[in-house]
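Working notes, structure below.
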Amino acid sequence: MLNLLNTLFLNVISNDVPTPYGIYFQDSATPNQEGILELHDNIMFYLFIILGLVSWMLFTIVKTYSKNPMAYKYIKHGQTIEIIWTMFPAVILLIIAFPSFILLYLCDEVISPAMTIKAIGYQWYWKYEYSDFINDNGETIEFESYVIPDDLLEEGQLRLLDTDTSVVVPVDTHIRFVVTGADVIHDFAIPSLGIKVDANPGRLNQVSALIQREGVFYGQCSELCGVNHAAMPIKIEAVSLPKFLEWLNEQ
């Protein structure tokens, strides 16, 4: 019981990674994810209003007709109520649709990114290419990222989430992720960054991220891609610009 309460408490104060008994989104680190959270909360508010009204109507109808089973014979055609129950749902849908479309187009826009990272999905690992940077050998910086097996996990590392190499990016920098697949369809998804994009073989999809705080953010392949689908984690380390430049010099 104590472990359960501790886990629930940690979910409230810190939720950058998937946790047991988690019932809400991970903490957002990008404007896109902030918009997604706000849209979700607004829609849930409207849903509770609708649930309350419908429940009240059902309760009233059951209460009324249980006392007088013949009352329905005295009900006549009511144009006013028909207009109300047609217009009210339409207004609610419009209130939900407009912010949703705006957010959808904002998340899809990638304008003048400061750097580009290419993520290629394989069965069953990820390969990353920093196409804007070249090492001392004149080659593009690239590496592969594999899940750490259970028997090699160290204390504090997360099962099926930690990887042998991390994607290191600077904070407060407009980053473009170009995503594709090498064999079957994969999906590049990082909840805290508001990123979820298909990795289709033969096609390049792109998504942008502006990470606003330092930290380690985890994701996974979100498209069933074979027997080891669960062994395709994604680990993003967001660091300050000086630390990022230091990391680049080490590559």
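Even glycines carry a Cβ here, placed using N, Cα and C.
Values in this document were obtained by computation on a predicted structure and should not be read as measured data.
As given in Swiss-Prot:
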- 42-62: transmembrane segment (TRANSMEM)
- 83-103: transmembrane segment (TRANSMEM)
- HIS186, CYS221, CYS225, MET232: Cu cation A1 binding site (BINDING)
- CYS221, GLU223, CYS225, HIS229: Cu cation A2 binding site (BINDING)
- GLU223: Mg(2+) binding site (BINDING)
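Looking at HIS186, HIS229, the binding-site residues in this record, the fewest other C-beta atoms within 10 angstroms of the C-beta turn up around HIS229. Distance between Cα atoms for HIS229 (Cu cation A2 binding site) and CYS221 (Cu cation A1 binding site): 7 Å, as a whole number. Each of the binding-site residues CYS221, CYS225, MET232 was scored by the other Cβ atoms within 10 Å of its Cβ; the lowest score goes to CYS225.
Within 10 Å of the Cβ of GLU223 (Cu cation A2 binding site) there are 19 other Cβ atoms, across all protein chains. The distance from the Cα of HIS186 (Cu cation A1 binding site) to the Cα of GLU223 (Cu cation A2 binding site) comes to 5 Å.
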